[in-house]
Amino acid sequence: MRTPALLPRGVEAVVVTSGHLRRLDPHVHAPLLLANTLISAFSRASLPRLALPLLRHLLLSSPLLPLRPDAFTFPPLLRAAQGPGTAAQLHACALRLGLLRGDAFASGALVHAYLRFGRVRDAYRAFDEMRHRDVPAWNAMLSGLCRNARAAEAVGLFGRMVMEGVAGDAVTVSSVLPMCVLLGDRALALAMHLYAVKHGLDDELFVCNAMIDVYGKLGMLEEVRKVFDGMSSRDLVTWNSIISGHEQGGQVASAVEMFCGMRDSGVSPDVLTLLSLASAIAQCGDICGGRSVHCYMVRRGWDVGDIIAGNAIVDMYAKLSKIEAAQRMFDSMPVRDAVSWNTLITGYMQNGLASEAIHVYDHMQKHEGLKPIQGTFVSVLPAYSHLGALQQGTRMHALSIKTGLNLDVYVGTCVIDLYAKCGKLDEAMLLFEQTPRRSTGPWNAVISGVGVHGHGAKALSLFSQMQQEGISPDHVTFVSLLAACSHAGLVDQGRNFFNMMQTAYGIKPIAKHYACMVDMFGRAGQLDDAFDFIRNMPIKPDSAIWGALLGACRIHGNVEMGKVASQNLFELDPKNVGYYVLMSNMYAKVGKWDGVDEVRSLVRRQNLQKTPGWSSIEVKRSVNVFYSGNQMNIHPQHEEIQRELLDLLAKIRSLGYVPDYSFVLQDVEEDEKEQILNNHSERLAIAFGIINTPPRTPLHIYKNLRVCGDCHNATKYISKITEREIIVRDSNRFHHFKDEQQNFPLGDCLKKMLEYHILKQQQQQQKELCIEEDAGTRQSRQEARARGTSPFSRKGCLLLHETSHVRATQRLKKIVKVEWNSGTWRRVCA
């Protein structure tokens, strides 16, 4: 074949070897057809640098033999455009040549190109300028809006299409259906299903697959099964969609059952199938099943040949609490991307290993040179929050600003949570106010933050503001609200929120909500209400619910109810040593040392290890961890810390501090008890901070267990003598110490509980005074007769009242505490 002389030299070889150009349409100029064919071929091969010179050659062709571009020239060029600028230049060129006036094919390609680069406004302009909009043009606009997450606009455009009488096809339905997921609109999904049935599109395979996928993501598993059962044919995508739908809906047993049905029907699974299956097995905690999935991937070579499959295996083992296996799988992967590192970091966090998660991130930055992505910040920032590493977390925040990811809603939520959990509530509130689009996530973070700081009224105020702005709360919002009410002692408000979430928002309570309610009743001393609440709840109480009740029984010394809670806990979670510790501490608090020995022997027989109490403090971008007791503190400054502690103890004693030995849960001598209290981990961290920071520098301490009442009282005095603000975050809430403006020593909730019981004591005193009135009256009569005054005169009545009041006051002063005994509260007198 002779090479046309009008084409550039660079494409001569392609023209010579182009066998499909042997037969040309006699009515079309052969060089133009050849040029259009080459442009289309280069575009499909992603070679725009070869396609664009051909267009330039056509535009500059000789007037003697003009090769004017036609409507078939521009669509492949628009598909190959690598930027919005190129698409705009092609648009201008087509307009100048008058090729967009009546050609829907070229106009549709232009709309598709603009949407591909996110130029929605330009796409609308090109779409509205089309004289004849056919179904492919509507579909191009709908699919482009879907890719740009313009869900509401896509649904509105579909409504406009219906109003103009344009009947959509299968592509139209499959383009609009994903918008139902973005909007969370179940009614719209059902309406689209009815639209497909009305237009006879419900038999199309990919429409049915799209409906199964959408119904599954919306949690409409009954509709998923109806569509699946009504399908005449099923392919691999069908099975993957239904397995994924059941896995995302939490029905892991059904997901595994569907996988078995898939194998029985002769359809071979692919990587996506195994990804959904691995996630389902991780949710149900089936370690043997997880290993089977891993072995299947190994036989297919997917574990090392597919990076997505390798990441899924790492995630599965991490969720199964097999973090060592996850690390081995990660190490065996020949290629690792940022998602691989993020998955491993998240796995360590899920297993409570925040320090190891930060170490993995540091290794990723130093040795791999990978740039952090959105998932990196979402994985690492919670680790800094968990350790209270404010300085390192602030540096991570600065990096997010540098990369521009601080505007991402998920990263922004994690940053707000970081500052709130590190004691910087003002900074967290400032970031929240500066958030441009405050969705449910940032609201949940700030409500939770003010709640753990003990500002219950502020949390309630934020929730009211959230309602006024039209943001719908989710189940996490109500968990934060109930926790805030629990910490602040707002029992009535907590009841209202628990009822509101069901009646006003249709949110079905889960175990976390019930656990918060039990904790709220327990903190307020209403143990009977807590126990009745557990007995009447519609779900089976889990370990968190019984654990909240046991913790309340430990605080209030209710041994009988604590035994009931512990029996259920030992059945549900027999390997959790924390529940045994709670039971042992409850016995120790009431002086039942036989019970303490019994629980400790039970722990020894089961080879359980107690979680040691530790506290951490960040100084000079380094997190220092201290454990309770001298034997665990091998620290370079250990002797200096001990001298500082003894010096602090002497100073705070001079201000009136008296050690409370009731918080020493061991049967030892008083001298040893004082030494045990003085070596609690938070005091070691405070002493270290005082030594290694300038005077009056605020100290931020993080403790993995609850702060005892004696350490709370001692920290108050230490804050005063050192003139430092000390913020201690324990496993439940924040404790702020700043000169004289201290929190109540035992917490606001316990203060309200004590006020409640003092009122009960006063009522009991009134009853006892009534019983003793006869004896007091006889004594007063004798005294009145001795003074010559009638006991029934006005003066005699005053004498009787004054005598009774003095006796009542004297008796109230003798009461030092109350305890639960034989089903009722009783006073214990000095």
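Placement of Cβ uses the backbone N, Cα and C atoms for every residue, glycine included.
Over in TrEMBL, the protein carries these features:
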REPEAT    103-133  repeat 'PPR'
REPEAT    134-168  repeat 'PPR'
REPEAT    204-234  repeat 'PPR'
REPEAT    235-269  repeat 'PPR'
REPEAT    337-372  repeat 'PPR'
REPEAT    439-473  repeat 'PPR'
DOMAIN    656-740  domain 'DYW'
Taking a Cβ cut-off under 8 Å, which residues six or more beyond the ends of the repeat 'PPR' (337-372) line up next to it in the same chain? 307, 310-311, 314-315, 317-319, 321, 323, 326-327, 330, 378-380, 382-384, 386-387, 389, 392, 399, 403, 405, 623
Please report, as numbers and ranges, the same-chain residues at least 6 past the borders of the repeat 'PPR' (235-269) whose CB is under 8 Å from any CB of it. 205-206, 208-209, 212-213, 215-217, 219, 221, 224, 228, 276-277, 279-281, 283-284, 289
Secondary structure composition of the repeat 'PPR' (103-133) [DSSP: H/G/I, E/B, coil]: 22 helix, 0 strand, 9 coil
For the repeat 'PPR' (439-473), mean pLDDT (0 to 100): 90
